[in-house]
Amino acid sequence: MNHLTGLFGLPASTLVELLDLAAGYREGLNREPETFAPLLSNRRIALVFFENSTRTRFSFELAARHLGAGTLSFTAASSSVSKGETLSDTIRNLEAMKVDAFVLRHPSSGAADFVTSITNRPVINAGDGTHEHPTQALLDILTLRSYFGKIEGLKIMILGDILHSRVARSNILGLKTLGAEIAVCAPSTLLPGRIDQLGVQVFTNLDKALAWADAAIVLRLQLERATGGYIPSLEEYSAGYGLTDEKFDRLKRLMPVLHPGPINREIEISNMVADRIQPPGYSSSMLMEQVTNGVAVRMAVLHRLLAK
């Protein structure tokens with residue numbers, strides 16, 4: 001593996017290798033004090049972000065530092081991109097500064113694959129358009145594996161704006177490769193055409209989807225969808241597809257809930273569901289475990305691509 005631009009085409013053995021490596025790093029993150037071998041000392045990683053990010057950018061930066069690497073943080077608004085510089089010129093200039101790898105977030109689908117065609121440095125996709133977000137899917141899968149002890153045979157329901165979600169696509173690819181069953185749940189206007197051809201079950205009723213599932217991955221609803229004709233209103237979306245205590249009370253069994261963040265509270269997920277770490281109740285929020293696992297997964301990816 002020379003790059004990580006997506007989970008499409010990656011064999012189960014590679015995914016398991018990354019997950020096992022990440023699980024070891026997560027144990028290290030939970031120790032006091034944190035101590036890691038400086039495997040990437042004298043390496044320099046360019047964090048090239050053309051879109052805003054909190055969790056992804058900071059966790060890549062922490063992951064690099066834990067492994068002894070330095071980082072260069074790039075944001076489009078404060079760079080020559082604001083003066084018209086192209087993506088390829090940006091990458092070539094950073095490469096001329098002798099950076100060792102690129103972590104790229106970009107609004108255009110396929111941007112990460114394009115960058116692999118103009119550099120021989122490792123490229124890690126931190127989210128490109130509606131295409132993929134592979135490290136988010138890996139941290140979600142690690143969170144689920146840690147909770148259940150396995151992935152094979154699990155029934156995972158992905159809830160929300162499937163149509164525009166790179167997180168959904170990467171999770172479907174990774175989870176199916178590892179043997180999980182996948183369902184998606186959303187209003188029909190937020191489902192891609194021919195989504196069933198990906199081998200997933202489709203629900204438009206949340207109660208039925210919850211009854212089917214072992215775990216739920218909730219997606220962020222981009223609020224402009226309410227004015228773009230995709231949903232009647234935020235209130236109606238929340239009533240039909242928001243995860244609330246009341247919906248879990250009807251289910252009457254425990255279910256872990258994941259969310260990639262940031263959360264639109266009281267729209268896609270209620271405060272009580274988002275903030276509940278342990279029972280009582282029937283939902284168990286895994287949001288903070290996801291954040292910790294995000295650092296561990298990104299350490300594993302950097303290790304796999306850069307350690308000699």
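Cβ coordinates come from backbone N, Cα and C, glycine included.
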| note | According to Swiss-Prot, Arg55, Thr56, His133, Gln136, Gly261, Pro262 bind carbamoyl phosphate, and the residue from Arg31, Arg105, Arg276 that belongs to that same site is Arg105
| note | Counting only residues outside Arg55, Thr56, Arg105, His133, Gln136, Gly261, Pro262 in the same chain, those with C-beta within 8 angstroms of the carbamoyl phosphate site's C-beta centroid are Ser53, Thr54, Ala126, Gly127, Val167, Pro260, Gly294
| What three-state secondary structure does DSSP assign to Thr56 (carbamoyl phosphate binding site)? | helix
| In sequence order, what residues of the same chain, 6+ apart, have a Cβ less than 8 Å from the Cβ of His133 (carbamoyl phosphate binding site)? | Asn125, Ala126, Gly127, Arg166, Val167, Arg169, Ser170, Pro260
| request: Starting from the Cβ of Arg166 (L-aspartate binding site), draw a 10 Å sphere and report how many other Cβ atoms land inside it. | output: 22
